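These features come from Swiss-Prot:
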BINDING   ARG6, ASP18, LYS25, ASP228, TYR265  FAD binding site
BINDING   LYS129, GLY188, TYR265  NADP(+) binding site
SITE      HIS125  site '4-hydroxy-2-nonenal adduction'
TRANSMEM  281-301  transmembrane segment
Amino acid sequence: MLVSDRDKLEDKALIPLDNIFHNGKGTLVQASVTSVEKEKTGGFVVLDNGEKLPFYVLVVATGSKWSGPVDFPSKPEDVTKWISEQRKKFKDAKNIVIAGGGSVGLELSGEIKDIWPEKSVTIVHSQKKLLNSVYPDKFRDRAAQAYRPRTKLVLDDQIPGELTPGATSVTTRNGKTITADLIVPAWGNKPNTALLSSLKDVLSPNGCVKIRDTFQTQAYPDIFALGDIIDVNEQKQAGKAQAHAGMVAANVLSYVQGQPLKQKYKGSYELIVITNGKNDGVGYFGVWWGIVIGGWLASLLKAKDLMLPATRVATGASK
């Protein structure tokens with residue numbers, strides 16, 4: 001969607017939230033939470049418009065903050081302009097350097113090469129293998145095998161900063177000069193938890209929320225957290241957040257009814273499918289001996305529709 005207007009993905013990926021509540025039983029407030037004011041029981045969330053909303057139970061699912069093209073503006077009216085600006089950058093560039101060889105950087109490179117095979121794309125990654133050490137070497141090697149035919153890989157190296165305006169190349173930390181007229185940051189996400197910074201003993205040093213196995217924060221039993229922001233040793237993915245949500249909902253109901261919280265989170269196995277354009281990709285399922293897939297199967301699972309129909313249904317929108 002950010003690379004080109006092919007397939008008009010914005011028509012499917014930008015999902016309205018007017019049907020988010022089942023049977024319409026809920027109120028949607030479109031605003032940003034700037035802080036949380038805690039009282040002995042419950043408290044208030046403070047909005048950027050100055051309004052305060054009281055809560056008896058608070059669930060925080062604010063997700064991640066990103067850099068680069070996926071750092072979307074907060075105001076809906078600015079998103080379309082942002083998308084157009086990013087597309088122009090990719091269209092005009094001839095030599096693209098992606099800083100980061102995780103799933104975002106890999107999928108971005110595949111999309112670029114699908115649309116513009118003639119463009120030069122280089123991924124610079126700080127580790128000796130693509131992705132990270134959560135995944136076994138056999139999967140990381142398979143990823144390199146899949147992407148190397150179309151994309152240059154510079155491993156165990158880093159891009160020290162942004163491209164100087166008018167520059168035609170960038171020099172890596174190890175002194176390698178790479179021709180570039182566009183550098184795209186793709187080095188991962190950070191938890192979007194600034195709104196909780198005023199509360200004591202809620203955040204870990206890494207900015208994630210310290211939780212119990214019931215998803216309650218360690219400091220406050222009436223504040224729950226889930227998704228990318230929790231301090232749990234697992235890869236941050238939308239699929240995991242969906243699994244968290246069902247458990248949190250059950251525990252919140254138990255909490256307000258004064259019942260024991262029975263849903264206890266013990267983590268999950270790692271699963272990832274990474275597209276390499278529309279017709280290729282790689283995947284890993286962390287069950288049994290660790291299953292690695294590639295090619296047509298990875299494409300079938302994700303590349304054709306990016307799982308957007310399922311996401312739309314889950315948020316109350318039509319396919």
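Even glycines carry a Cβ here, placed using N, Cα and C.
On the structure: features taken from Swiss-Prot.
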residue : record                               : contacts (Cβ under 8 Å, 6+ apart)
ARG6    : FAD binding site                     : ILE115
ASP18   : FAD binding site                     : LEU28, GLY316
LYS25   : FAD binding site                     : none
HIS125  : site '4-hydroxy-2-nonenal adduction' : GLY100, GLY101, GLY102, GLY105, LEU153, VAL154, LEU155, ASP156, ASP157
LYS129  : NADP(+) binding site                 : ASP137, ARG140, ASP141, ALA144, LEU155
GLY188  : NADP(+) binding site                 : GLY100, GLY102, VAL104
ASP228  : FAD binding site                     : GLY63, SER64, ASN189, PRO191, ASN192, LYS236, ALA241
TYR265  : FAD binding site                     : ASP213, THR214, PHE215, VAL232, HIS244, MET247
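For the recorded site, LYS25 (FAD binding site), the DSSP three-state label reads coil.
Within its own chain, the transmembrane segment (281-301) has Cβ neighbours under 8 Å at 110, 135-136, 138-139, 142-143, 146, 269-275, counting only residues six or more beyond its boundaries. If you compare every pair of Cα atoms in LYS129, GLY188, TYR265, the residues listed for NADP(+), the longest distance is 31 angstrom. Secondary structure from DSSP puts TYR265 (FAD binding site) in coil.
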